[in-house]
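Chemist: There's a structure below that I have some questions on.
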Amino acid sequence: MVVVGGVNTNYRHYALVIVLFFFLNVYLLYSAQNSVQIRKDEGETREKFQTPKVPLVDPISTCEIVDELAKSAISRATSPGCKSKLQLEACQLKNGTFSESFPQSTCSNHQDALIDQRIGCFLDKKDARVLKEFEYKFPQSNSKSTCRKNCYKAGFLYYGLEFGLECFCGNDVANATEIDSGECRNYKCPGAEDEFCGGFNAVEIFRTDKLVMLKPKYLPPAENVSKPPIKILFLLQLNGRNERQVKRFLKSIYLPNHYYYIHVDKRQNYMYSEMAKIAEKVPNIHITSTRYSTIWGGASLLQMFQQVIRDSMEIEMFKDWDYIFNFSESDFPILPIQDFERLITEHQGKSFLASHGYNTGKFIQKQGFEFVFSECDQRMFRIGKREFPENLRIDGGSDWVGIHRDLAEYSISNEELPQKLRKTFESILLPLESFYHTLAFNSKFCDDLMMSNLRLTNWLRKQGCRCASLKQIVDWCGCSPLVFREDTKIKFEMQKAISKPTYFARKFDSMVDIEAIESAEQQSMSTSKIQMDHPTYHFAYANIFKFGIDEEKIAHRSLASFALNTIKSHEKMAKIVQIDALRAHHNAQIEIVMKVETQSGANFEFLIHRKSHVNLSTSGALEVDGYVLKDVVYGTKFEWKEEICREYMGFVTEKDTLHTRLEWSPTERVKKNDKTSPEIEFQYRNGPEKIDKSIVKPYDSVFGGQFDSWDVGKRLSNLSTCPDFFVDVFSPSSSESPLATLRFSVYTEQNVDCHVAYLRDFFEIVDFCTSETACGEKIWSMSYPDPKSDIQVGWDEEARILR
């Protein structure tokens, strides 16, 4: 060992290295801090409307999950990221760190001095309630604080305590009979032992702190509006593949002085590609590339809406809008767009929100506000119950809104209330139905509301509240409106629309009933702009397949080859270019239009007709328990609400669920409030061999429908042969002969050799064309003009319409 000056040289080397590392760390820290500061300075101008950063989910559990809702949700999540997100949020909920505390309301309808102000003790009976609007029961937690909080959030003026556990809410005590105060001191509050919660048939009533219920009066527009014109941002939230109906809607609402902003669901690439073509032709139409999967009930819908607000303010040509109104692909105007424009101008500064139309307390329950939902794996999972803060007023109604610029800017700002509400509404079902209502009612904007969104919705809850279609995407049951048909379009007749007034209506679907759209169009547009005598005026189209966007299915390829062989063409198919469904009239059968490119580069277009293989009993025995069987249809992608199959080509594969629909007509022997169909037995067979059966109970349908669903893949295996499958429909009381029999085929990649025989039985090539010129003369062709929806040039100033 060498020692110099009493110091080991090895230690001197170590010390030198340590010193060098120290200065290196100091330099790196300085550089990082400087970089952060530079980025901060660059971002200051965008800070106000910047999209909030999404925090990373901690994958580590912080607690033991005991809530059954949370345990169920985590077990059903498919991705690790979703399971981790649900686990963390369930722990936050359990630990009390999930909810926010909110600032005091700045609405003029709120006064602190009224909080818990005692009104008195009143006689109360089950059949003669003082506070009639809503009732809660809190066996463990009832108290003044608990009751007030729940009545406050529903917007009521008064809350009342009774029988220990009962909490009542209402807005009127004018006709109440006051009794001795001692009658209201018979039961201790289970949630506060030093308080009393009323007596037997005795309710003690207090104020929440609301002054009056705000009900802005609707003012009809004057004929001449002296106020400066407004600019509206029309937000089109699009889904599906019926782009021709969207174009028709756009033509009906387009004015060059407004803005049109298009968001297409992230999963709908065909619609996106078609809308992008329009945006290229018309300068004040913009399609955003920032796309969300807007599932039913999901938080993503509100996030998308607010992202559009942020982004539109940064687009130079679009940034000066005054209002944002959102619409879907199934909306249509029922009064002239100029009248709508005039009314909005008359009420500048007001936002247009539709109320739920009934008791707020019931609305809160039906909307699932009391539960926490979490969106991941394209599903809304329910993970537990929530506690809302005492001072938050909740309200809601429709998610089709008209928001003034001031409220829109406030909603995306970093002020405390909107910032905390955005966070809270990430875990609320259908957030756009209540976010802006709640934000306005708890802020200075509560006086700037018109409680109407100027829309008419075709509600029929008996039919629209079918939960079957929602089971795959949400842990809840919700309602959707129905499509307008011949018997319901009277709802939007001119005088009814004016009296509300309502300027738009929904839902419309050209593949269900195009005549309803025609009625709305003729009512809202000048007839000089509508070519009612055009051959395709009654035609409805919906795209099924587009090359470069969709994956080709084996059954589609088989049909294309079959079509070429049927016309005795020697050409070989190279690719399917496009497939559309065509309905020539609202009562017509849906046909298939297929465009095929051959290996030589030639294009063929085919009109293809589907053959039905349904046999109804010829013995006349079609009546069961007073119901007469009228028709039997089958298909896949069944829509329970409208009772139609959205797989228009009629193919059934081993991956599908087969849906068989019976249509019944009641005789005079059926009582008025009975179901619309009898009990029926379905039997499934492979040739003569019975393979399954099911009993279907009586059903209640406004269309007289009754259904059975049969999972093909789970019931059948080894589908490499060419069997014929049958569904027999029997009356349970008579199984000797079926009421009806339908035949269907199952197309797989393993039984391709069977496809030609199947196609020969189930399809007919009705017509075809082989050139652009020839196809342009076929009214069924994709190339034939369709002026009601074509947008090929842009704005025609002279005709004042998109062409």
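Placed from the backbone N, Cα and C atoms, the Cβ positions cover glycine too.
So Swiss-Prot lists the following for this protein:
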- 3-13: topological domain 'Cytoplasmic' (TOPO_DOM)
- 14-34: transmembrane segment (TRANSMEM)
- 35-803: topological domain 'Lumenal' (TOPO_DOM)
- Cys63-Cys91: disulfide bond (DISULFID)
- Asn95: N-linked glycosylation site (CARBOHYD)
- Cys107-Cys446: disulfide bond (DISULFID)
- 115-209: domain 'WSC' (DOMAIN)
- Asn175: N-linked glycosylation site (CARBOHYD)
- Asn224: N-linked glycosylation site (CARBOHYD)
- Asp265, Thr294, Ile295, Trp296, Asp399, Trp400, Ser480, Arg506, Lys507: UDP-alpha-D-xylose binding site (BINDING)
- Asn326: N-linked glycosylation site (CARBOHYD)
- Cys465-Cys479: disulfide bond (DISULFID)
- Cys467-Cys477: disulfide bond (DISULFID)
- Asn615: N-linked glycosylation site (CARBOHYD)
- Asn718: N-linked glycosylation site (CARBOHYD)
- Cys769-Cys775: disulfide bond (DISULFID)
Chemist: Asn175 (N-linked glycosylation site): which of the binding-site residues Asp265, Ile295, Ser480 is the nearest Cα neighbour?
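Modeler: With Cα distances computed to Asn175 (N-linked glycosylation site), the winner among Asp265, Ile295, Ser480 is Ser480.
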Chemist: Looking only at Asn95, Asn326, Ser480, Asn615, which of these recorded positions has the biggest number of Cβ atoms within 10 Å around its Cβ?
Modeler: Asn326
Chemist: How many whole Å apart are the CA atoms of Ser480 (UDP-alpha-D-xylose binding site) and Cys465 (disulfide bond)?
Modeler: 6
Chemist: C-alpha of Asn95 (N-linked glycosylation site) to C-alpha of Lys507 (UDP-alpha-D-xylose binding site): distance in Å?
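Modeler: Taking the Cα atoms only, Asn95 (N-linked glycosylation site) lies 43 Å from Lys507 (UDP-alpha-D-xylose binding site).
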Chemist: By CA-CA distance, flag whichever of Cys91, Ile295, Asn615, Cys769 among the recorded positions is nearest to Asn718 (N-linked glycosylation site).
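Modeler: So, spelling it out, the nearest of the recorded positions is Asn615.
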Chemist: Nearest to Cys91 (disulfide bond) in three-dimensional space, by Cα, is which of the binding-site residues Asp265, Ile295, Asp399, Lys507?
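Modeler: It is Ile295, whose Cα lies nearest.
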Chemist: List every residue in the same chain as Cys477 (disulfide bond), at least 6 positions away in sequence, whose Cβ is under 8 Å from its Cβ.
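Modeler: Residues satisfying the criterion: Cys465, Cys467, Leu470.
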Chemist: In the domain 'WSC' (115-209), how many residues does DSSP call helix, how many strand, and how many coil?
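Modeler: Summed by class, the stretch gives 14 helix, 39 strand, 42 coil.
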Chemist: For Cys107 (disulfide bond) and Lys507 (UDP-alpha-D-xylose binding site), what Cα-Cα distance in Å is obtained after rounding to a whole number?
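Modeler: So the Cα of Lys507 (UDP-alpha-D-xylose binding site) lies 35 Å away from that of Cys107 (disulfide bond).
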Chemist: For the recorded positions listed here (Ile295, Cys465, Cys769, Cys775), which one has the lowest count of neighbouring CB atoms within 10 Å of its own CB?
Modeler: Cys465
